[in-house]
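Features reported for this protein in TrEMBL:
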BINDING   C71, C75, C78  [4Fe-4S] cluster binding site
BINDING   F77, E181  S-adenosyl-L-methionine binding site
DOMAIN    57-289  domain 'Radical SAM core'
Amino acid sequence: MLEGTIKRAGLEDIFEKILSGERLSREDGLRLFESRDLLTLGRLARMVRERLHGRKVYYVINRHLNYTNICQNRCRFCAYWRAPGDPEGYVISPEEAVRRLSEGPPPREIHIVGGVNPELPYEYYLELLSAVKEAFPEAHIKAFTCVEIDHLSRISGKSVEEVLKDLVAAGLSCIPGGGAEVFSHRVRERLFPEKIPAERWLEIAKIAHRLGISSNATMLYGHIETYEERVDHLLRLREVQDETRGFLCFIPLPFLPQKTALSGEVSPTTGFEDLKMIAISRLLLDNIPHIKAYWVFLGVKLSQLALQFGADDLHGTVVEEKISEASGGREAKALSRAEIERLVREAGFEPVERDAFYQPVN
Ligand code: SF4
C-alpha cells in the first residue's frame, strides 16, 4: 500500500534511497518541494524519524529571555527591533533577568537572545550569563546566536574563539540556531543587508563546534525565498554537519509577516507548506539528529501534527518570548509539562523530558 502511494507520487527512487539509507541529492530535494503529495512526504519523513528516535518526542522545561530589542541591523522581516533612542527600546539588567527567570518552575534550559545593541558593552553579556548561571547552576544556558557572537567579537576586539571561551567561562553551555535566516545572498541583500553574511554565520558555528560547543540551526522560510534557496540552505548545513557533527537540532521557522515591513507584500505560510517544510527537513538533513516543531511560531495544534511529519522535538514550556509576539505570533504564550505530554501522547508518541543536549531527565 505504501509502495502504491509512493508510485502515484512519482517518488519511488527517493523512497528506495530512504529505505537503503542513501543520501538524497539537491535534485531530490527540489522534487520533494515540488510535490503536492503531503501525506506521502509525511510518511517518508516519519519512517526516518522512527528509525532515529522510535516513538520518542523530546521536550524541555525551559525559559526564554530576550534581553534587548534595540538593534542596529534593521532586518525587514523583523518586527521586534527598535532603533537606539526609541522610547520603546529596552534592555534587561542581569538582576532583572534573574528575577524574571525565577518566576515559575525551575528551568533546565535557559534560552537567551536579543538584538544587536550598539549601546551594550562586552562586559554586560558576561555579567548577564554569570548572574543567570549563579542563580540557576543546574540549568544549561543556550545563549547568543552567531550574529550576536560576531558583534561581541567586533566590540571586544577579540577573536570568535576568545569570545566563546569567555562566554563559556561565564556560564554558556551551547548556542541557539537563530540568525541563519536563509543563506541565499539574493535574499540577504533584499531583506537583511546589515546582517552578517551566510559564510560568517557558518564559520562561527564551525568555530563553536570545534571548541566542543554544540549549536542549533534555523531557517526562516515563507517570504521571498525560492525552493532552490531552501534546498541550498539545508545542504549547506548538512555539509557543515558532515565536518563538525556539532548541530543538535534543526528548526524551520515560518515567517510571520503581520507586523513587519513585508506585511501586505507577503502572505503568512499555510499549514500545508509548514508540514511540508518539516518533512523535507527530516529527509534532507540525514546527519542532524533532531527536527523541532517550534510551537511558538507554528502554533500548538500544527506542531502536534508535525510530529507525524518527521519532527521529534516539541521544544518546551517557554513562558515568555518577545520576538514572535512582536510579529503577531501564535496564540499560546506558555505550555505546562502536562499540556506538552498530552499533545505528544494524543499524537501516538512517548514524551521524553530532556536537557539542552537531549539527554533524558526524570
Ligand atoms: S532579526 Fe535580529 S538582527 Fe535582525 S533586526 Fe531583528 S533583532 Fe535585529
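Backbone N, Cα and C atoms are what each Cβ position is placed from, and that goes for glycine too.
Note that the structure is predicted; figures quoted are calculated from it, not measured.
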Around ligand 1, within a Cβ distance of under 6 Å, which of the binding-site residues C75, F77, E181 show up?
C75
Within 8 Å of the Cβ centroid of C71, C75, C78, the other same-chain residues by Cβ around the recorded [4Fe-4S] cluster site are N73, R74, F77, Y80, W81, G115, F192, K195
Measuring Cα to Cα, tell me the gap between E181 (S-adenosyl-L-methionine binding site) and C75 ([4Fe-4S] cluster binding site) in whole angstrom.
10
Run through the Cβ atoms and count how many others sit within 10 Å of the one on E181 (S-adenosyl-L-methionine binding site).
26
Give me the long-range Cβ neighbours of C71 ([4Fe-4S] cluster binding site): same chain, 6+ apart, Cβ under 8 Å, in sequence order.
C78, Y80, W81, R82, G114, G115, V116, N117
Specify the count of other C-beta atoms within 10 Å of the C-beta of C78 ([4Fe-4S] cluster binding site).
23
Under 8 Å by Cβ from C75 ([4Fe-4S] cluster binding site), counting only residues of that chain that are 6 or more apart:
W81, E181, L191, F192, E194, K195
Return the average pLDDT for the domain 'Radical SAM core' (57-289) as a whole number.
97
Determine, from DSSP, whether F77 (S-adenosyl-L-methionine binding site) sits in helix, strand or coil.
coil
F77 (S-adenosyl-L-methionine binding site) CB neighbourhood, other CB atoms within 10 A
21
